[in-house]
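Here the structure comes first, spelled out in structure tokens, and everything after it is commentary.
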Amino acid sequence: AKTVLKCYVQVTGMTCASCVANIERNLRREDGIHSILVALMAGKAEVRYNPAVIHPAAIAELIRELGFGATVMENYDEGDGILELVVRGMTCASCVHKIESTLMKTNGVLYCSVALATNKAHIKYDPEIIGPRDVIQTIQDLGFTTSLVKKDRSASHLDHKQEIRQWKRSFIVSLVFCIPVMGLMIYMMVMDSQMSDAHAHHNMSDEEMEALRSSMVLEYQLLPGLSVMNLLSFLLCVPVQMFGGWHFYIQAYKALKHRTANMDVLIVLATSIAFVYSFVILLVAMAEKAKVNPVTFFDTPPMLFVFISLGRWLEHVAKGKTSEALARLISLQATEATIVTLGPGNVLLSEEQVDVELVQRGDIVKVIPGGKFPVDGRVIEGHSMVDESLITGEAMPVTKKPGNTVIAGSINQNGSLLISATHVGADTTLSQIVKLVEEAQTSKAPIQQFADKLSGYFVPSIVAVSVVTLFAWIIIGFVDFEIVEKYFLGYNKSISTAEVIIRFAFQASITVLCIACPCSLGLA
């Protein structure tokens, strides 16, 4: 017997079905080539050849002579079919052994492993020799019931509805509480500028100024050290911190558990520190019954969360749009196929409905008018018009007669066709398109990878900078207190200089964190 080997050649420069036909037609004429199958979308040719006559490099050279780019794909094993089955009726390890040993003895099965605990079988086979139906039949002959592991065709992993809902909710919660906080802030700013104008014009003493300031509604102290403004801000900030920031906290926790720092970590750090610091300083002010209301940062967390959750929400909406296109593509695939058995003279002997995944290469598939082509194939019998607009964009139906190729997912219009399956499962044009779109979605642009890498360094460095700021101001303060006095306006003269310095240093370092946190890098 002549040995027949198989090789795969990567072919570039094919633009349409006529290129495929051209390569196939010319190579079939060559000595030593038994068969050739070219997949347009995948850009690869599967060639079966006689090693005594021809070798893969020569085959690639032949394709090159036709004007295409061709390279032999070394150690390429994607040609192997992979089958996932659910096997019922196994009771013990000997059942597992029986199935495995029987399958391994079967010609064409390359690898097989059966798990008793999960009732799953994982089988690798050579689609040239054997197909999924044969494997299932073999297992059933041993007395077990088997079925395919159902693939999720709805493409639910591409669905961003839940994330969209989650971020929308997060955004709305933050927004509801952020608007009043911003209102209070703006009101305070306006009042402050009016006060300073009055101060400039009327030469009031500082004590009068303080009296005037504390007479304002928002600065009114409910308890010593606790103003209406700070209480309101605190009450508005808590729900945002709890509900608006919930997802950020989870994400940040996960990131820290894996010893990485992402944007979520920064956001959580900045908001939590701002919140805790403000809360502590309020308690301190109440404890020392301060006359002047402390400067708090309760306005930071709500505003940060608003911007970032809005960003995340929009991002998921955009992702959902592209995924929708992909889900539509996936839904174009037929789910079942009618396989027929032909007798001599192309007489129909029998036909059966099977799952698309069970169609094997070389099967004869019948497609009725109005039906979808389940796999790529070549017409054997029948004449019809076929609507291939979903793949080629060609609005007019294309005539198909024996010898023409058909594409999975296109729609048969008026005549019944018998086709011989050439590309099945993951090799069909439609599956390849889906795979390309999926890969395009999952792969990152180089600039994006660079940004991710940067933000990995960005977070620790920002934290470092804010710590440096903290210590720098503490040192400056103890060396030359006047500098701090110049920048830290309106501090209470009654508290010790050490405390003033530490408070100011804290304010400075938190400011660094809060400003760096919604940095354009992260938002972008």
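Glycine is treated like the rest: Cβ placed from N, Cα and C.
The domain 'HMA' annotation in TrEMBL covers 5-71, 81-147. Residues or ranges marked as transmembrane segment in TrEMBL: 171-190, 222-244, 265-287, 457-479, 500-523.
Applying DSSP to the domain 'HMA' (81-147) sorts its residues as follows: 23 helix, 24 strand, 20 coil. Below 8 angstroms of C-beta separation, residues 170-171, 173-174, 177-178, 180-181, 184, 188, 271-272, 275, 278-279, 282, 284-290, 293-294, 296, 298-299, 301-302, 305-306, 309 of the same chain, each at least six residues beyond the ends of the transmembrane segment (222-244), sit close to that stretch. Non-local neighbours of the transmembrane segment (171-190) in the same chain are 218, 229, 232-233, 236-237, 239-240, 243-244, 298-299, 302-303, 305-306, 309-310, 313; each lies 6+ residues outside the stretch with a CB under 8 Å from one of its CB atoms. Under DSSP, residues within the domain 'HMA' (5-71) fall into helix, strand and coil as 22 helix, 24 strand, 21 coil.
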